[in-house]
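According to TrEMBL, the protein carries these features:
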BINDING   ASP298, ASN502  substrate binding site
BINDING   MET326, ASP345, VAL402, THR403, GLU404, LYS409, SER431, ASN455  NAD(+) binding site
DOMAIN    318-496  domain '3-hydroxyacyl-CoA dehydrogenase NAD binding'
DOMAIN    498-593  domain '3-hydroxyacyl-CoA dehydrogenase C-terminal'
REGION    1-190  region 'Enoyl-CoA hydratase/isomerase'
Amino acid sequence: MIHSGNAITVQMLSDGIAEFRFDLQGESVNKFNRATVEDFAAAIAAVKGNNDIKGLIVTSGKSSFIVGADITEFGDNFAQGEAAIAEWLGPVNNIFSSFEDLDIPKVAAINGIALGGGFELCLVCDYRVMSTAAQVGLPEVKLGIFPGFGGTVRLTRVIGIDNAVEWIATGAQKKPEAALKDGAVDAVVAPEKLQDAAIDLVKQALAGKLDWKAKRQEKLDPVKLNPLEQMMAFNSSKGVILAKANPAQYPAPKLVLDTLQASASMGRDDALKAEAQGFAKAAVTPQAGALIGLFLSDQVVKKISKKHEKNAHPVNMAAVLGAGIMGGGIAYQSAVKGTPIIMKDIGNPQLALGMKEANTLLSKQVERKKLTPAKMGETLARIRPTLSYDEFKDVDIVIEAVTENPKIKEAVLADAEKSVRENTIIASNTSTISITRLANALQRPENFVGMHFFNPVHMMPLVEVIRGAKSSDEAVATTVALAQKMGKTPIVVNDCPGFLVNRVLFPYFGAFDLLLKDGADFQQIDKVMEKFGWPMGPAYLIDVVGIDTGVHGAEVMAEGFPDRMKPSYKGAIEIMYDNKRLGQKNDVGFYKYELDKKGKKAKKVDPASYELIAPMVTGEKRAFDDQEIIDRMMLALCNETVRCLEDNIVATPAEADMAMIMGIGFPPFRGGPCRYIDQTGVAEYVAKCDQYAHLGKAYEAPQMLRDMAANNKKFYG
Ligand SMILES: NC(=O)c1ccc[n+]([C@@H]2O[C@H](COP(=O)([O-])OP(=O)(O)OC[C@H]3O[C@@H](n4cnc5c(N)ncnc54)[C@H](O)[C@@H]3O)[C@@H](O)[C@H]2O)c1
């Protein structure tokens with residue numbers, strides 16, 4: 001053994017070729033954490049001191065190659081400030097470059113995922129062979145940063161400006177064919193042939209059949225284009241990339257383009273310095289803080305779900321009651337992810353509609369060649385439409401998604417319970433009815449939970465799992481496990497009106513109504529909130545959700561939290577409802593909707609809605625400053641999120657933030673309500689609450705925030 005560290009071993013194979021193997025001890029994946037970087041330096045020194053090594057292959061002892069840098073270490077590093085971040089990268093880059101500079105040919109044998117720092121290591125090698133099972137890429141922009149271990153420098157020189165900009169600025173993960181086509185890897189082979197193929201390339205290099213020194217030199221030199229050609233290449237790709245990502249919301253792609261443009265005419269070492277400086281600029285943006293935080297919160301949520309695993313019962317067969325919008329969607333999603341499901345309704349036409357929905361979604365995938373007709377058939381066969389409870393004794397979980405009416409639901413749940421086994425879990429997809437209340441209709445309330453999907457089921461990633469007063473750990477755990485199996489992210493919450501997501505959303509609609517009453521223009525509010533980062537403004541959103549659904553939800557919330565969700569006036573949303581304007585459902589709401597050329601509903605301004613709102617306006621006609629709109633809307637939403645933490649409806653800020661991002665489209669680059677409060681500064685945020693407290697309880701700072709401000713505490717870090 002030439003080197004044996006805790007991340008890397010180096011040993012001689014034969015013919016002077018050594019294997020440089022990454023296998024981080026005590027971890028399931030390889031990553032570039034501090035320990036690996038240190039061991040990397042030691043392993044390079046060992047190779048340097050061994051004259052018998054004529055060439056080497058770089059391999060992984062895990063099923064993935066190297067998944068990237070260790071994101072959990074970013075917080076500490078990035079907190080040091082821009083200059084310190086750039087400085088931190090210098091020594092790491094020196095290690096990577098010293099590996100590149102070893103005077104022997106090196107070939108990366110990419111067996112699995114090689115992302116970020118992992119792929120940057122591959123780029124340091126002279127050649128790259130990729131298994132058909134692997135994927136490569138530089139996804140750092142998704143975290144608000146960009147590659148910092150030489151990836152921008154080397155990839156640009158290996159695959160050219162246009163391709164490199166596309167790879168880096170989109171952060172796309174590339175399959176073998178795409179990587180080979182762009183020249184990012186030199187060969188693609190079957191997994192079992194990978195090692196031999198890599199050794200063969202080293203041998204060819206050693207035999208002089210491949211000019212590996214010339215190939216390496218290209219990575220050390222400036223990009224081979226004259227300044228005019230460079231400018232043209234950058235300008236054309238800039239247009240495409242920046243049209244996709246708004247730099248005010250996602251600054252990293254623009255920052256990386258600027259860096260690439262500056263470093264293209266530099267040699268490697270200067271280009272690496274430029275990369276480090278650009279990287280540091282991106283790393284200190286609030287967006288990077290939010291997106292990295294989000295990645296870590298996602299890990300927290302996954303860990304919490306994993307903890308439930310030990311209590312979960314296996315689900316081999318599910319059932320859904322109701323074949324409507326939600327029931328049909330749930331059946332489709334279950335079938336697609338491999339769990340057979342019985343779909344029960346009260347009439348054949350409803351069942352046919354539920355099946356039609358699944359059929360349409362699957363046919364689209366077949367058209368796009370993402371699914372074979374045979375697989376489509378198999379998937380459809382997993383949904384069994386029925387009018388009876390006959391086969392319910394085989395079912396491990398029943399998801400109730402019938403009409404939102406407590407009496408109907410209670411009757412349906414009680415019937416279902418009689419038809420299933422004693423240990424079958426029963427879950428309700430209700431959006432507004434208390435789980436603890438519905439449980440009263442059951443003989444075995446411990447087997448009962450809420451399982452709140454969002455519409456459309458196949459698109460929306462979140463499932464709220466609601467623990468009622470009597471729900472057992474097994475019932476919660478089984479529902480969490482099924483949600484995961486269905487490809488969703490479950491977040492467990494306690495029971496209260498609106499559960500977590502709707503409880504937080506309704507004060508936001510309340511703030512919208514109050515702004516309109518005070519004389520604000522709903523189109524301005526939509527524009528401001530969309531510019532802030534929401535996928536749609538509140539007027540458009542309530543039109544999409546359905547004004548009737550909104551009014552019904554508001555009634556439930558007003559009853560549950562009258563101190564802050566029961567307005568003393570009739571709001572614009574209710575006025576729309578009174579005038580039978582239901583939103584997209586009947587093509588008139590705040591806006592009116594007409595089909596565009598592609599057959600999609602396009603929103604149009606409708607003077608009629610302004611006429612309806614005019615009589616409710618009691619405020620003086622005045623212009624509303626964008627920031628006032630943002631503050632009033634966001635305070636109502638964020639305060640209620642904090643109240644959910646105070647009331648233990650949701651256990652952690654990480655889960656609350658993830659739920660709002662996945663459930664209602666909270667702007668991801670702002671990291672969620674708790675992160676937004678942190679980034680505003682807790683004391684500054686409380687001061688804003690005080691400024692707007694006269695508007696009502698919804699705007700008053702929750703005690704938790706006052707305590708945090710007094711103790712200089714934040715939600716994160
Ligand atoms: N639509 C949404 O955006 C949304 C989002 C989340 C949750 N939900 C909740 O999901 C549930 C269903 O909503 P939906 O929008 O799919 O409603 P829907 O009206 O589209 O479908 C309800 C279905 O239930 C069927 N049904 C009625 N009584 C039944 C019975 N006794 N047995 C079997 N089926 C019966 C009806 O025939 C209908 O097909 C409601 O609780 C709703 O609050 C809806």
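Cβ coordinates come from backbone N, Cα and C, glycine included.
No curator has checked TrEMBL annotations; they are predicted automatically.
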The one of ASN455, ASN502 whose CB sees the fewest other CB atoms within 10 Å, among these binding-site residues: ASN455
Filtered binding-site residues, from ASP298, LYS409, ASN502, whose Cβ is under 6 Å from an atom of ligand 1: none
From binding-site residues MET326, VAL402, LYS409, SER431, ASN455, the one whose Cα lies nearest ASP298 (substrate binding site): ASN455
Other CB atoms, at most 10 A from the CB of ASP345 (NAD(+) binding site): 23
Counts of helix, strand and coil residues, the domain '3-hydroxyacyl-CoA dehydrogenase C-terminal' (498-593), according to DSSP: 61 helix, 4 strand, 31 coil
Distance, ASN502 (substrate binding site) to ASP345 (NAD(+) binding site) (CA atoms, angstrom): 27
ASN502 (substrate binding site) and ASN455 (NAD(+) binding site), Cα-Cα, nearest whole angstrom: 13
Rounded Cα-Cα span from ASN502 (substrate binding site) to SER431 (NAD(+) binding site), Å: 8
Lowest local Cβ density among THR403, SER431, which the record lists as binding-site residues, within 10 Å: THR403
CB within-chain contacts under 8 A for LYS409 (NAD(+) binding site), separation at least 6: GLU400, VAL402, THR403, SER428, THR430, ILE433, LEU438, ALA441
Three-class DSSP secondary structure - LYS409 (NAD(+) binding site): helix
Binding residues MET326, ASP345, VAL402, THR403, GLU404, LYS409, SER431, ASN455 (NAD(+)) - maximum C-alpha distance in whole Å: 19
Local Cβ density at VAL402 (NAD(+) binding site) - other Cβ atoms counted within 10 Å: 24
Same-chain residues at least 6 apart in sequence whose Cβ lies under 8 Å from GLU404 (NAD(+) binding site): THR430, SER431, THR432, ILE433, HIS552
Mapped DSSP class for MET326 (NAD(+) binding site), helix or strand or coil: helix
Segment-level pLDDT (mean, integer) for the domain '3-hydroxyacyl-CoA dehydrogenase NAD binding' (318-496): 97
